[in-house]
Structure formats: structure tokens, C-alpha cells
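Engineer: One structure, as C-alpha cells, below. Some questions next.
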Amino acid sequence: MPNVNPAPIGVFDSGLGGLSVLREIRALLPHESLLYLADSKYAPYGEKPEAFVQARTLQACEWLLAQGCKALVIACNTATGHAVELLRQTLPVPIIGVEPGLKPAAAASQSKVVGVLATANTLKSGKFARLLASLDGESRFICEAGLGLVPLIEQGDIDGPDIRGRLDNYLTPMLEAGADTLVLGCTHYPFLSDTIRDMVGNQLTLVDTGSAIARQLARKLVEHDLAVAPGAVPQDRFVSTKDAAHLRQMAAALLHIETQAETVAIEPAPAF
């Protein structure tokens with residue numbers, strides 16, 4: 001039986017990129033309550049040591065469980081790559097991670113050349129290496145670490161000259177190699193979709209796994225008898241480890257929603 005008094009679903013990211021995943025969850029599961037945690041004090045994770053990312057992600061998820069979350073979505077490719085296996089071994093709730101959509105991109109590509117834009121840590125992770133190896137021979141993957149993109153997006157710059165200049169540097173080698181498909185391998189990057197389309201037109205088909213993550217979450221909720229009853233009124237909560245006002249502003253700018261947000265302390269952070 002669906003629970004008529006549902007606990008929230010925790011959605012975690014190092015910063016604001018996970019809002020792109022939250023958007024898809026809210027669209028698919030309108031009655032579920034969501035607790036969004038942005039670890040903006042320590043963002044971005046993409047260039048942090050692996051040991052820090054792993055320990056900090058576990059610390060953040062333990063905080064979410066203490067708030068009563070019934071399931072967790074790790075809406076951060078870097079955190080998923082370094083920590084999701086540890087989380088599943090350690091924590092007693094369903095955990096849904098994210099990973100770059102290499103498989104659907106390879107299937108969609110006509111040229112069999114696929115561009116992958118992701119953080120440096122995602123590209124270095126063992127999880128990504130295994131995913132790439134599993135698709136050996138299906139397509140050629142041109143991988144670029146999107147250095148500098150996340151801080152600009154966190155500041156609200158999704159269409160300015162700085163971000164366009166960086167995108168041009170990353171996309172040009174892909175196009176020159178014959179790529180016709182682009183994997184958005186960081187949850188921040190869907191907020192750049194309109195800018196990328198403006199820059200490259202229909203030369204690249206964009207692959208974003210946000211909707212697939214939402215569907216996987218829905219399946220897990222049913223599988224574990226955690227789904228909310230239809231008609232329940234969701235109670236969402238948005239928290240940040242650094243700047244609640246900025247989180248509120250960016251939720252309004254990126255998702256077009258008005259919400260309250262609060263600042264929380266999850267300390268001490270791991271020392272690495």
C-alpha cells in the first residue's frame with residue numbers, strides 16, 4: 001500500500017546542478033516530497049580529491065537520512081562515480097545515482113562518434129572507465145573535461161561570453177572529429193542546453209539522463225513499497241551548506257519556481 005504520510009526523497013548535489021534532476025523528478029512524481037541538499041560550501045566536486053568526494057558524499061547522505069529521507073538520489077556525476085557503491089553498501093535506503101548517458105548516445109549516433117562533456121573527476125572515475133569499456137567498439141567517444149563550467153553555472157551564467165568561449169573550446173574538437181551526439185555528463189550541464197543548441201544548431205543531438213533517473217526512482221519506490229498515495233500534497237525543502245539566498249534565487253532562475261531555502265551546517269568536512 002502506498003504511504004499516505006510520505007517521508008521525503010533526498011536529492012543531493014555538490015551545488016545547483018542537481019536542480020536539473022529535481023526538475024525531472026517533480027515532473028514525473030508530482031506528489032512526492034523532495035529535500036534538496038546543495039553542498040555549495042565545498043562545490044565543485046569535479047576537481048576535488050576522490051577520497052574527499054567519497055567521504056563528504058557519505059557525510060551528506062547520512063545527514064539526509066537523519067532528516068527522515070526514504071530514498072536518495074545522488075544528483076551529481078562526480079559523487080556517483082566515486083561514492084555510490086560505498087553508499088549502497090552502507091546506507092539502508094534505495095540509492096539512485098547518475099551516470100553519463102553513453103549507451104543511449106551510442107545508440108542514437110549516426111556517425112558513431114559521440115562527444116562527452118563531463119567533469120575531470122567523472123572522466124577519471126573507475127565507474128566511467130567501466131562504462132566506457134562496456135561500449136568498446138560501439139562508438140568512438142571524444143571526452144572533454146568541462147573545466148570552469150560549473151562555477152559559472154553556479155553564478156547563474158548560462159549564456160554569457162565566458163561560458164560560450166569555454167563551450168566553443170570543448171565542442172570544436174568533437175565536431176571536427178565528426179561527433180553528431182553530445183552526452184551532458186554533469187547535472188549542471190542541462191542548463192546549458194539552449195546555449196549549446198544556439199551555438200551548434202542541429203549538428204549535435206544532446207543526451208541528458210535526468211528523465212531516466214526519475215523513472216528509475218519511480219521504479220525503486222514501487223519496488224520498496226515507498227511510493228506516496230496519489231493526491232498527497234508534497235512538502236519540499238531546499239537547503240544549502242553555504243548560501244540559501246543564492247539557492248533560492250537560482251531555483252527561481254533555472255526552474256522558475258519560488259521557494260524558501262535555508263542554510264545548514266554539515267561539519268566537520270573530511271580532511272584530505
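Even glycines carry a Cβ here, placed using N, Cα and C.
Sequence annotations record features per position, and here Swiss-Prot assigns active site, proton donor/acceptor to Cys76, Cys186. Annotation comment: Swiss-Prot describes Asp13, Ser14, Tyr45, Gly46, Asn77, Thr78, Thr187, His188 as substrate binding site, evidence class sequence analysis.
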Engineer: Enumerate same-chain residues with a sequence separation of six or more from Thr78 (substrate binding site) and a Cβ-Cβ distance below 8 A; give 'none' if the list is empty.
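Structural biologist: Sequence-distant Cβ neighbours: Ser14, Pro44, Tyr45, Gly46, Lys48, Val53, Thr119, Asn121, Thr122, Ser125, Cys186.
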Engineer: Given Thr187 (substrate binding site) and Cys76 (active site, proton donor/acceptor), what distance in Å do their CA atoms have, once rounded to a whole number?
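Structural biologist: About 6 Å separate the Cα atoms of these two residues.
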Engineer: Roughly how many angstrom lie between the C-alpha atoms of Asp13 (substrate binding site) and Cys76 (active site, proton donor/acceptor)?
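Structural biologist: Cα of Asp13 (substrate binding site) to Cα of Cys76 (active site, proton donor/acceptor) measures 5 Å after rounding.
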Engineer: What does DSSP say about Asp13 (substrate binding site): helix, strand or coil?
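Structural biologist: Strand, per DSSP.
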Engineer: According to DSSP, collapsed to three classes, what secondary structure does Thr78 (substrate binding site) have?
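Structural biologist: Looking at the DSSP assignment, Thr78 (substrate binding site) belongs to a helix.
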Engineer: What is the set of residues, excluding Asp13, Ser14, Tyr45, Gly46, Asn77, Thr78, Thr187, His188, whose C-beta falls within 8 angstroms of the centroid of the C-beta atoms at the substrate site?
Structural biologist: Gly15, Gly17, Gly18, Ala43, Pro44, Cys76, Ala79, Thr119, Thr122, Val150, Cys186
Engineer: To the nearest whole angstrom, what is the C-alpha distance linking Cys76 (active site, proton donor/acceptor) and His188 (substrate binding site)?
Structural biologist: 8
Engineer: Across the listed substrate-binding residues, Asp13, Ser14, Tyr45, Gly46, Asn77, Thr78, Thr187, His188, what is the farthest Cα to Cα distance, given in whole Å?
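Structural biologist: Max span of the substrate binding residues, Cα based, is 12 Å.
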Engineer: Please give me the CB contact count at 10 A for Asp13 (substrate binding site), counting all chains in the structure.
Structural biologist: 31
